[in-house]
Amino acid sequence: MDYFLIGIGGACGSIVRYKIGDIISKRTKSKFPWGTFIINITGAFLLGIITKSGAGKNLSMILADGFLGAYTTFSTFMYEGFNLFENKKKLNALIYILSSIIIGILGFYMGEFISQL
């Protein structure tokens, strides 16, 4: 049953990630990977909410492990950061990587804080 719940959440999370990433990339003309950045930050924020919300085991598996596991994308984050470095956009790469980490941590803490209100 655990794998089924995680699989359902994961399928939904990957579809939502693809759609949001597609919408963002069509609306921005920047070389900066805004889609992945926004997805990862909102994913960290939502994970903060879920971890402190007192969600039961099954709901947590669907949302945290499944949905957010597929929604956020560390491999794409690394790929885009590396490509910025490789394409001689070192400052953009540095800003992207550091801001993703710092704002991601802040987003997680904000999510935890909001869930306790």
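Yeah, the Cβs are placed from backbone N, Cα and C, and that goes for glycine too.
Record features, source Swiss-Prot:
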BINDING   Gly69, Thr72  Na(+) binding site
TRANSMEM  4-24  transmembrane segment
TRANSMEM  31-51  transmembrane segment
TRANSMEM  59-79  transmembrane segment
TRANSMEM  94-114  transmembrane segment
Quiz item: Of these binding-site residues, Gly69, Thr72, which scores lowest on Cβ atoms within 10 Å?
Solution: Gly69
Self-check item: Chain residues in Cβ proximity to the transmembrane segment (94-114) (below 8 Å; excluding those fewer than six residues from its ends, i.e. six or more beyond)
Solution: 32-33, 37, 40-42, 44-52, 77, 80-81, 84
Quiz item: So, in DSSP terms, is Gly69 (Na(+) binding site) helix, strand, or coil?
Solution: helix
